[in-house]
């Protein structure tokens, strides 16, 4: 590629930005309470609960008595559960785009953990699959959930039979990680959000556990059109032509669904797996939400739980992630935002503005409409597959799991040659971002040559990468040698989970990263072939992505050579995919040959005792002089028509307080007066797509809260009101802070037909 030269002004601005970043890292390190303390998780479970500052204290282990299971039937014991895991919706970075300044400023839809438990009729073997509306599952989150499950249920739910999978929404809160790269991207660790997420996941599993009853599971699959494109077609074309010729598309169009019902035929839930990035909401968004996958869940659950508010009702619908690494929902493709011309080229650049002006667009007029359109497509496809699902899933529940040091895997390339994985490192094109969310500096995708300016800056700030790591990652030019950085903690994980759970001939492979389209195809084919080699025929292998610990991307060896974003983010080097395939084949063989008990556990991952705190301080909330929290600053209009937006502005308080004090379960309600009942009935809450909760942060603890109701066509004419529920942080001199609930109600207004 052509060598890039920087102007004097550009160089100065870049240097200034990098120095600001360095200062931020230094400040973060100063906030680190006790450096370098690492606990083996087994030791953590038994001895450190009282020392841990993340609010995980529990009573001594209480073994939950098992309800005798009905045994004389064919099928499974099935339980489903859903619980809120939203966390902070203010004063926290959103996780996914790593864009500076993209902090949460309100709520579009709540985030949920959806749990599904399946057990054999005699209760001897079981599994739990949990799909969570978050960016990805962090290792810390996984270890803490396993710890609490062990405290509550003993050995019933374990590392091998519990899968935690993130949907990969880029509009959920950050701050729940333990490795330094993600801590920096999150602007610190948020115990508040971490605890909220852990509690939500646990509640969903507990609900599924207590609701278990005899039932049946049915399987179906089919193609979905019009929902996604490949965002790195140039990388895809590097794969062998003979391999590409086997497929009709450069994306995986197949959706797989599991339908669950009890023995009376009453519907219980559905899990759908489909490869798509939840990035319909772009990096200009500041409202916490679950994006297109979450909207599909919302539609499915609203359809099945009629008469219930969003987030309520017995039916649970999860839209889980798969091999979505190079797949975008922004189906109009990349365009130069300043000229309108296509920038679908090897480096995703525009003649004017370079890579920063090359962005992909969704099918809607704005990102919210695009989210709805893509979510509707996913929902409709899953609904049809669910309705026609007739192939029953039968057979034993088997699980296999290992912890593996991914920095030291010897890969058998063929009968005579081997290769090795690498210590983690991020390449130059990682900083370029993607066409779904471009980076802010002048990096481009496809950088295979380093830039002396950046190398010098890196060496001065972080030290030089070793020749070993540079050689191992070739042709990736290393931007950050994370595997050789350990202050205040390791920057990337070394120990990762590999895991497969089978329900008869249905296998769920829990992959701790983002496989590209062709990586996913090779992976599924290899695991399926391993099952068949050892006697398990016609196994359906589904990839569940972003599970258990996050390790960025998994590109093919050929895609790795051209170093677009996905390859630059393949942190264990060019043979990462081959290593994962080899590791998962070991698990498949163990299941097929009934030798899971012979698998080694592997090296346990660390659990870091102290983490860098959030750099955003907690300050007391204040109301303007002469007003109090909840006072109305801008009232609603007396009358609205269907299709209009009812809006009211209140004196607000920081919504992060509501993640600590959970007196209220919603920030808002829209209520209709029912004359026949002489009472107000809630028709929407803050999980409803029709509502928006905006938080406007002012100075010195002042803030406003704006609530909107986008009145749908289905709204019944009548008298309505909007209510606001918040919490304010009160800090008296020399006294500990307290969080106090408050609520307020708008004036009434009328909705009339169009």
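Positions of Cβ are set from backbone N, Cα and C atoms, glycine also.
Listed features, source TrEMBL:
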| type | residues | note |
| --- | --- | --- |
| ACT_SITE | 328 | active site, nucleophile |
| BINDING | 168, 277, 514, 553 | Zn(2+) binding site |
| DOMAIN | 76-582 | domain 'Neutral/alkaline non-lysosomal ceramidase N-terminal' |
| DOMAIN | 585-751 | domain 'Neutral/alkaline non-lysosomal ceramidase C-terminal' |
| TRANSMEM | 12-33 | transmembrane segment |
Other CB atoms within 10 A, centred on residue 553 (Zn(2+) binding site):
23
Would you list the other residues of this chain near Zn(2+) - those whose C-beta lies within 8 angstroms of the C-beta centroid of 168, 277, 514, 553 - in sequence order?
321, 324, 325, 327, 513, 545, 546
Measuring CB to CB from residue 514 (Zn(2+) binding site), give everything in the same chain under 8 Å that is also at least six residues away in sequence.
168, 323, 324, 325, 545, 546, 552, 553, 554, 566
With an 8 Å cut-off on Cβ-Cβ distance and a minimum sequence separation of at least 6, pull the same-chain contacts of the residue listed as 'active site, nucleophile', or say none.
228, 229, 230, 231, 276, 277, 279, 360, 434, 435, 436
With every protein chain in view, how many other Cβ atoms are within 10 Å of the Cβ of residue 277 (Zn(2+) binding site)?
26
